[in-house]
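> Okay, so Swiss-Prot annotates it like this:
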{"type": "TRANSMEM", "residues": "19-39", "note": "transmembrane segment"}
{"type": "TOPO_DOM", "residues": "40-117", "note": "topological domain 'Periplasmic'"}
{"type": "TRANSMEM", "residues": "118-138", "note": "transmembrane segment"}
{"type": "BINDING", "residues": "Gly202, Glu203, Pro204, Gly205, Thr206, Gly207, Lys208, Thr209", "note": "ATP binding site"}
{"type": "ACT_SITE", "residues": "Glu426", "note": "active site"}
Amino acid sequence: MNSWFLQVSKRLGPAGRRLWLLGFMGVVLAVTLGLALRAARESATQRTATYTELLQIAQAGQATAVEVSGDRFLVRQAGGAVVTAVVDEPTLRQELVSRFAGAGASVDFASREDPSRAASAVLPVVVLAAVGFALFTVSRRRSPKVFSDVKAGAARAAVRFADVAGMHEVKQELAETVEFLKSPDRFARLGGRPPRGVLLTGEPGTGKTLLARAVACEAGVRFLSASGSSFQEMFVGVGASRVRALFAEARKSAPCIVFIDEIDAVGRARAKGHGDSASAEHDQTLNQLLVEMDGFDHETGIVVIASTNRADMLDPALLRPGRFDRKVTVPLPDVRGREEILNVHAGPIPLQGEVDLSYIARGTPGFSGADLANLLNEAAILAAREGADAVDPTHIDRARDRVLMGLERKGVLVDEDERYATAVHEAGHVAVGLLAPSCDPVHKVSILPRGRALGVTQALPEKDRLMYRKEYLEDQICMLMGGRAAEMVVLGTMTAGASDDIQRASTIAWKMVAELGMSHLGPICVGDGHPSRSPALLDRVDETARALTEAQLSRAIEIVRSRRGEIEALVKALLEKETLGMDEIQACFPADRRPRPEDQAA
């Protein structure tokens, strides 16, 4: 039967199978609707009666025919009406039969089921059979002979290394992969073994996918891409089948690049023990991926490039040499890289002459390539909303505020007492930020509600930091405590506005003590999963971290007390203008003026 079905299916072809399936489903639907309508019509003409009503009909001689099926009576009256009733007691059924027969009605003992009951029994079977057949046909059509989630073809956009701004060291590392795909004999002549796989790791938005496309375009080979999550399914065996289909397509397309985005979805470390069915399906898919990466020869011209921002989750067997021979970290761009990225994304955006991309690059440390693209896009949207002909520095500055501090909520009505308390809180942050020597310069302060905050103080680093000194971290805690210190000194009370500051300060203090060894406890590490996490040691870590936070709060209180007059002047300016820039802030603190970053650069 199965072979006959397969032969007929091949003869029909894809279009014929679809038409046959649609026809079959149409017939099933017509039969189902017919049975349902018939049962509905019959039930509409019938009325359910009681035993007493049946006795009255029999005594009046209104019945012309009576059908008895078990405990069910169907009585047809002279006017065409149909009455049904269920009589459970056998003696009462016998009495009714005698009365109807005595009244001259024909009595028939029928064994057939009522049409409505037959329809209710047949309908579920027919519907389930139709749904099962449809699922069977669809599953055959979606069989993993061709992995539908693979995006094949040459690199879709002409992306080359020149279009990938920044990341000079990363591009040099990947250039050898391009040379291998272009001229593999150059490596084989000296017995060199080209890499089978390249793992790109880094923060989200740093351009890992863009780099993989650039490699394929530079080498002039096909680019097969798939997401790691597309290998995961609830059906057992589907993930492994899709892995086989992907590499089968790669062998046909060789030389080519197979790119697996977010490989941690399929390549995370296998759990110990048996686990549940979902873990078994994941392990089977991962095992198939490991086998496939070992299964092709170096001469096939297939290079697997994968990306992830969770390299710590990957299975060790996947990371060994012979599978992913090279691990390339794609870092966040430095100031030179940020300027190059801004130049690329600013190409289609009309900028006014005073827009300085190098200044923007210096003021956006920690931004990824995606963040910088989003920054310029937000600035262009603001300019278009205002009907401007070009993007000016104010648009970029407001776009940066939106990215860093959140959306401005102009419709929120804030009570005057809360506005004053918010201004005092933010002024405390500013005062500590100006006087603590290692703090990043305060760039802007605002008491306009943004996101979930009623006010924001923005401090921008002067340079990229590759490591953090103890003094810098202590000053960060002190600045975070500046808002609470101002509340205690100026308001004489405390508000809930410092909750986020306290949480961030506690996190920094705990890491300084528990992971970085920056306390009298010495160089210890009791982070998550570390074997030396004894309860007594954790208690000492908590006490030391709390003491560190309290010490910086006391220091912030002293700074606020020493600058009480300047803080009150800043509060007054904030209540008038709501948002103050660097020059307006330093006008309130003339004795604590810091040189601007552009002045230092000059």
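Note: Cβ is positioned from N, Cα and C throughout, glycine not excepted.
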> Determine, to the nearest whole angstrom, how far the Cα atom of Gly207 (ATP binding site) is from the Cα atom of Glu426 (active site).
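Cα-Cα distance, Gly207 (ATP binding site) to Glu426 (active site): 36 Å.
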> Three-state secondary structure of Thr206 (ATP binding site) from DSSP?
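SS state of Thr206 (ATP binding site) = coil.
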> State the count of C-beta atoms found within 10 angstroms of the C-beta of Gly202 (ATP binding site), not counting that atom itself.
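Around Gly202 (ATP binding site), other Cβ atoms within 10 Å: 21.
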> Fewest neighbouring Cβ atoms within 10 Å: which of the binding-site residues Thr206, Thr209?
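Looking at the binding-site residues Thr206, Thr209, the Cβ with the fewest others within 10 Å is that of Thr209.
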> Tell me, what is the mean pLDDT of the topological domain 'Periplasmic' (40-117)?
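Looking only at the topological domain 'Periplasmic' (40-117), pLDDT averages out to 71.
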> Given the recorded positions Glu203, Glu426, which one is most crowded in terms of C-beta atoms within 10 angstroms?
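Answer by Cβ density within 10 Å: Glu426.
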> Which residue, out of the binding-site residues Gly205, Gly207, shows the minimum number of other Cβ atoms inside 10 Å of its Cβ in this structure?
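Ranked by other Cβ atoms within 10 Å, the binding-site residues Gly205, Gly207 bottom out at Gly205.
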> Among the binding-site residues listed here (Pro204, Lys208), identify the one with the smallest other-Cβ count within 10 Å.
Pro204
> Using C-alpha atoms only, work out the spacing between Pro204 (ATP binding site) and Glu426 (active site) and round it to an integer in Å.
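Checking the Cα atoms of Pro204 (ATP binding site) and Glu426 (active site) gives a distance of 31 Å.
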